[in-house]
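Below is one structure; the comments refer to it alone.
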Amino acid sequence: MKLKISLWILLGMQFLISNLNAQALTREEIRDTMQHIPWFTIHKDNYFITGVPTNKPINSSTANAKYQISFKQIITRSILPWNTYLYLTYSQKAFWDIYKDSYPFNEINFNPTIGVGKAFYGSDDRINGVANLVFEHESNGRDSIYSRSWNRISLKYSRLIGEKTLLHVKGWLPFGYKSGNPDLLDYVGLGEVSISHDFIPDKLIFEVKVRKGLNFDTRGMIQTRLHYRPFKHKSNQYIMLEWFAGHTENLIDYKQYNSMIRVGYVIKSNEFDILKRNRRKL
């Protein structure tokens, strides 16, 4: 048993610190890159996936499809104080009962934001990470007893922990949520952590996201994704296998525990490739 634990620790350390001898982009290279990034880009991953539950009977009422549309519009390029830039984003996530008669939509969640981003640099003037301070609104666009919404000020920091591994830490200060879902924080918590690792760059990518509710219980979520690019040409199009287990996958059923495995097509965001781009061995 001790040997197995030691092996897992060694593998974990290798996973986190592999290739730390690569160099990040300099401040000047980042500024030049920012000037060439399109004003209108993908924000989060855009995808269409379908699948079945793992914790309940499989039928036309429990199987479904999930898709997301997400984009980002840069408003300024480092002309604000402290070399920050201003941007807008919009994300829409839908849960579609495509296996039922008439193919009804079960839930659609809308997530517009406005935020500022800033790159941080080390003593060698090379990029260490990127921070984003954002005002977010999220709702399902419904009224009466079916209305679900909340607002938050979120702070997210992203950085490399190894040449192929990205760490994202995000926390939020919520407000305006008590009318329709007063106990939402018991399920969504005050933050989340996610890790993305390129097993084979631009070919095989693994991601995991974890969120914990406020209380000392099992409420929260874990989401894992495996992306594989089967195409010979280099692109941001992948096949994605996703497993979601926990609460708050959508707003209408935020109290309900779900365990779903889905597969489908994804157009991956390259928003944080600036942290990995052109890194080279010392």
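Cβ atoms here come from the backbone N, Cα and C positions, even for glycine.
Now, the feature entries from TrEMBL:
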SIGNAL    1-22  signal peptide
BINDING   S102, R142, S147  Ca(2+) binding site
ACT_SITE  H137  active site, proton acceptor
ACT_SITE  S139  active site, nucleophile
Candidates S102, S139, S147: member of the recorded positions with the richest Cβ shell (10 Å): S139
Cβ-Cβ neighbours of R142 (Ca(2+) binding site) (radius 10 Å): 15
Local Cβ density at the residue listed as 'active site, proton acceptor' - other Cβ atoms counted within 10 Å: 14
Where H137 (active site, proton acceptor) sits in the secondary structure, as DSSP reduces it to three classes: strand
H137 (active site, proton acceptor) versus S147 (Ca(2+) binding site) - Cα distance in angstrom: 14
Inter-residue C-alpha distance, H137 (active site, proton acceptor) and S102 (Ca(2+) binding site) (nearest angstrom): 31
